[in-house]
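Undergrad: Provided herewith is a single structure, encoded as structure tokens, for subsequent inquiry.
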Amino acid sequence: MKRIAILTSGGDAPGMNAATRAVVRKAIYEGLEVYGINYGFLGLVNGDIRKLELGSVGDLLHRGGTFLYSARYPEFATEEGQLKGIEQLKKHQIDGLVVIGGDGSYHGAEALTKRGFPTIGIPGTIDNDISGTDFTIGFDTALNTVLDALDKIRDTATSHERTFIIEVMGRDAGDIALWSGLAGGAEAIIVPEESFNMDDVVDRLNKGRERGKKHSIIVVAEGVMSGNEFAKQLAEYGDYHARVTVLGHVQRGGSPTAFDRVLASRLGARSVELLLENRGGLAVGIRENRIVENDISEILKEKHTLDQKLFDLASILSI
């Protein structure tokens, strides 16, 4: 192993730059050459590849987004796309690849591994929906972004004695909604993994009113329904004319938290070590504060599950 490359793919997440920095600096420390691939798998197929030096990743640790850029390239799922990618890797004499991203990125990494090219996956997505790790890079930052918004919205909800609905990201996973809702004291948390009944939500709000509570916050993951649709349905149950805030892509941006920076640094460094050990087809992660690695194929077979105990706790504490 003399030369490795790194790419970021799919939705950007705060901490991707920190992980890239760790890969580059760890690799150079170990005597390797490092190349950056712009625009993910699309850039790989197009040969958009550049050499990275120590200075290339300076002033990156605190920056959100990804300086390697990102793009979605579904054509990489085809044999033609994969063979073009391997052709470019061989052309640049690259011996191993690190891929930072979510589920779709892992599928690309798995495909390259099956074709004999050593590839390591690093979980980078704000949704925290990758198996084999307690946390993904970017989740903690997104969580704190949502919590900051929730706290500010509660101020105005209290002042005007209103119900507010906050729509957060989470197409298939409700971790952002659950963790931010618990941390922010939301009166109701609606996630894709748990069925809900509007009668139960209204009953919870009514009981709060009976105790003198004059405002409430409901956090809704986008994968369940839009915040506006939820507000429309809620309005059919009486005088709950809620205001809606859609946080949208603000959740993806911003300077990564200390947790995400440290996590990204640890995962990035470990991915280089695995390539030096000639161990491809793995995804790194963190379990109980220990860095672990698992077979990417096995990770893709597993479905991320919501922390049921945490969900139950949030329900208990929101009364």
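Keep in mind that glycine also has a Cβ here, set from the backbone N, Cα and C atoms.
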Undergrad: Let me know which member of ARG72, ARG154, ARG252, ARG279 Swiss-Prot also records as binding ADP at the site of ARG21, ALA22, VAL23, VAL24, ARG25, GLY185, ALA186, GLU187, ARG211, LYS213, LYS214, HIS215.
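TA: The record-listed residue among the candidates is ARG154.
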Undergrad: Out of GLY11, GLY15, GLY31, GLY36, which one does Swiss-Prot list together with ARG72, TYR73, GLY102, ASP103, GLY104, SER105 for ATP?
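TA: That ATP site, as Swiss-Prot gives it, pairs ARG72, TYR73, GLY102, ASP103, GLY104, SER105 with GLY11.
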Undergrad: Setting GLY11, ARG72, TYR73, GLY102, ASP103, GLY104, SER105 aside, what same-chain residues sit with their Cβ within 8 Å of the center of the Cβ atoms that define the ATP site, listed in sequence order?
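TA: The answer, listed by sequence position, is SER9, GLY10, GLY40, GLY101, GLY108.
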Undergrad: Please tell me which one of the binding-site residues listed here (ARG21, ARG25, GLY185, ARG252) sits closest to GLY104 (ATP binding site), measuring Cα to Cα?
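TA: Considering only the listed binding-site residues, the nearest one is ARG252.
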Undergrad: At the Cα level, what's the spacing in Å between MET169 (substrate binding site) and LYS213 (ADP binding site), rounded?
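TA: Cα of MET169 (substrate binding site) to Cα of LYS213 (ADP binding site) measures 28 Å after rounding.
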Undergrad: When you rank ARG21, VAL23, ARG72, SER105 by Cα distance to THR125 (substrate binding site), which of the binding-site residues ends up on top as the closest?
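TA: That would be SER105, the closest of ARG21, VAL23, ARG72, SER105 to THR125 (substrate binding site).
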Undergrad: Express the distance between the Cα positions of ARG252 (substrate binding site) and SER105 (ATP binding site) as a whole number of Å.
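TA: SER105 (ATP binding site) has its Cα 17 Å from the Cα of ARG252 (substrate binding site).
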Undergrad: Which one is it: of the binding-site residues ARG72, SER105, GLU187, whose Cα lies the shortest distance from the Cα of VAL250 (substrate binding site)?
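TA: Spatially nearest to VAL250 (substrate binding site) by Cα position is ARG72.
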Undergrad: Between ARG25, ARG243, ARG252, which of the binding-site residues has the fewest other CB atoms within 10 angstroms in the structure shown?
TA: ARG243
